[in-house]
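Everything on this sheet refers to the single structure shown next.
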Amino acid sequence: MASKQNKTSKTDSVSFENKLTESENSLETQRHSISHIMALAVKALYPEVKFGIGPSIENGFYYDFALPAEASTGTQVGLSPADLPKIESKMKELLKQNLAFKKKNISKTEAKKLFKDQPYKLELIKKLPGKTASLYESGGFVDLCKGPHIKNTAEINPKAFKLSRVAGAYWLGNEKNPMLTRIYGLYFATEKELSSFVAQQEEAEKRDHRILGQKLDLFLINPMVGMGLVMWQPKGAMLWRIMEDFWYKEHLKNGYELVRTPHIGSRKLWETSGHWGFYNDSMYPPLEVSQTLKDIQEKKKAKAKEEYLLKPMNCPFHITLYNSKPRSYRELPIRWAECGTVYRYEKSGELSGLTRVRGFTQDDAHIICSKEQVKDELKRVARFIVFTLKTFGFNDFNVYLSLRDPKNKKKYAGNDVGWDFTQKVLAEVAEEMGFAYKKEEGEAAFYGPKLDFKIKDCLGREWQCSTLQFDFNLPDRFKMSFINQKSEKEQPYVLHRVLFGSFERFIGVLIEHYAGAFPLWLSPVQVKILPITERHNDYALGLAEKLKEQNIRVETALEADTLGKKIREAEMQKIPYLLIVGDKEIANKSVAVRQHGKGDLGSMPLPELTELLLKEITIKK
RNA sequence: GCCGGAGUAGCUUUAAGGGUAGAGCAAUCGCUUCGUAAGCGAGAGGUUGCGAGUUCGAUUCUCGCCUCCGGCUCCA
């Protein structure tokens with residue numbers, strides 16, 4: 001049990017001072033401090049608990065615990081969301097006690113003695129630079145911690161925190177380490193901010209593309225077919241098609257040519273690229289082609305087996321096309337685009353809806369160019385990415401420059417000279433494009449640095465979709481070359497890039513961004529005609545034909561339901577325009593228009609409506 | 001893959017704590033022909049995720065597996 005009076009807390013032989021120099025009462029400090037209080041509460045409930053780390057994070061805090069073993073099973077006590085309320089109420093109790101946070105520096109030797117029963121803390125002490133360890137004490141709980149902390153729990157608003165979830169988390173984020181139990185909590189300056197954050201989370205849940213995808217009949221993922229493999233319903237396939245049409249049209253405008261390549265290829269292809277070495281864990285295992293059943297029955301000798309892989313990326317094919325004949329500098333830059341479906345065997349727990357799947361279609365392209373051309377080509381792609389994101393309504397995105405981790409060069413192919421050059425040029429491009437980009441070390445691809453564009457959706461969540469990768473390694477591995485103006489052999493650069501990333505993920509993000517109510521040009525069904533009674537069906541069908549002539553995607557509701565019901569069903573499908581037709585409309589040769597989210601727009605003649613629709617389609621696009 | 005939770009009709013769910021489950025919506029059929037978010041009625045729809053075990057009997061208890069959800073790890 002924690003001591004009720006904390007004024008003179010003592011733990012072992014160490015005494016503490018409640019004198020804070022570096023701390024100020026920032027939200028981050030409060031979040032960090034409340035994680036210590038959670039640790040104290042968990043210790044009160046499970047005295048044998050071992051502690052990991054407990055930092056503040058965006059919106060709150062967490063703490064990692066190794067809970068004691070259960071006597072009956074010998075395994076760690078399982079903590080479930082149902083256990084959170086009791087920890088929460090224990091925390092509230094502690095917060096009320098006005099516990100002080102006191103700091104002390106001791107020698108690492110002393111610290112090791114103090115934390116002799118805390119294996120994870122001992123590991124941290126060993127890693128500390130210098131000779132001293134900094135400790136914080138509050139309510140009798142001493143934690144190895146560099147702080148800063150608040151002075152007293154009185155500074156924490158007990159109504160503004162909430163424990164949100166329990167999770168497993170590997171010690172130090174390494175999957176080879178044991179898994180600890182992590183408790184996440186939310187904490188804000190005020191109760192109001194907490195509840196508005198919780199409300200925002202609930203809003204996000206309503207927009208979940210996995211739920212909307214089913215309600216709007218867009219796609220299906222079924223274990224009978226396989227995990228992470230998406231089937232598209234007619235409406236989802238239509239949305240895909242609209243995106244693809246846009247994509248092809250814009251690529252042809254932007255100087256790309258289209259190529260097409262197979263879904264499988266010899267294993268040698270990826271041995272050459274290096275992917276087999278770096279990623280064979282997450283490829284579907286090779287398809288072996290050797291003996292047929294007939295061969296075996298006829299007892300024929302086994303031939304040397306051939307191995308094929310489902311393609312996890314398109315680049316080796318495009319490179320092979322390039323290498324099929326000698327190339328001249330006059331042909332460069334070559335820009336080859338393909339919507340290519342690739343398969344990656346992601347671990348089962350990593351799959352999620354459309355955003356993380358095992359089979360997906362990249363809107364891929366490779367640009368092969370000379371050193372002189374590379375900067376312009378990079379910029380050209382960056383502009384194309386920005387244009388595409390904005391067209392689809394994503395005006396807010398963050399740009400990240402993903403660099404090699406200088407401390408872990410083994411993860412990457414190629415030499416320092418190549419990395420220094422490509423990283424420098426890519427940074428210049430980001431600079432000259434005026435992106436407020438962030439550098440992220442350790443986020444590069446194994447073959448080169450990249451510029452990642454993460455979309456911010458309407459709820460402020462980030463999604464990595466577009467990426468532009470600057471590759472100097474595959475040209476070397478595949479011995480790519482061209483003859484330059486001096487008649488010498490020269491190695492080109494390869495840019496890999498996707499605009500959507502994958503159709504699957506991009507559609508998932510689109511669904512959530514628009515909450516399923518797509519802009520008119522993207523809507524699988526743009527207009528639904530609702531005849532008031534069956535008497536009016538023929539007029540409705542006639543209107544539908546006329547709209548189809550204008551390439552407007554239209555449905556009719558011919559069933560014998562009431563108008564109210566037809567409206568309700570169409571509204572739930574979030575169809576942008578509903579046309580209601582009855583006796584009046586037939587007499588006036590008009591339609592009564594109802595717009596999703598806006599309501600009744602009144603009656604108008606059909607030509608006026610088509611003009612309105614066509615105008616909206618071109619403006620939004 | 002790992003930690004935790006969950007799986008009942010197409011969807012959303014109720015009940016039962018060992019004695020084979022009740023509804024709403026959707027779908028089907030009939031009646032209704034309606035003016036801006038659910039007209040009325042009927043019948044039908046279930047091996048309670050799958051497989052073992054315990055038991056006279058399992059949707060319920062035990063074990064294994066599958067899938068989904070929240071995280072962790074990973075994302076060329």
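Note that Cβ sites are derived from N, Cα and C of the backbone, with glycine treated the same way.
Taken from TrEMBL as is:
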- A:1-28: region 'Disordered' (REGION)
- A:208-519: domain 'Aminoacyl-transfer RNA synthetases class-II family profile' (DOMAIN)
- A:Cys315, A:His366, A:His496: Zn(2+) binding site (BINDING)
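In the three-state DSSP classification, A:His496 (Zn(2+) binding site) falls within a strand. The Cβ of A:Cys315 (Zn(2+) binding site) lies under 8 Å from the Cβ of A:Ser273, A:Asp364, A:His366, A:Leu474, A:Val494, A:His496, each of these being in the same chain and 6 or more residues away along the sequence. Using a 10 Å Cβ-Cβ cutoff, A:His496 (Zn(2+) binding site) registers 24 neighbours. Within 8 Å of the centroid defined by the CB atoms of A:Cys315, A:His366, A:His496, the record's Zn(2+) site, lie the Cβ atoms of A:Met313, A:Asn314, A:His318, A:Ile319, A:Asp364, A:Ala365, A:Gln469, A:Asp471, A:Leu474, A:Val494, A:Leu495, A:Arg497, excluding the listed residues themselves. Cβ contacts within 10 Å of A:His366 (Zn(2+) binding site), excluding its own Cβ and spanning all protein chains shown: 25.
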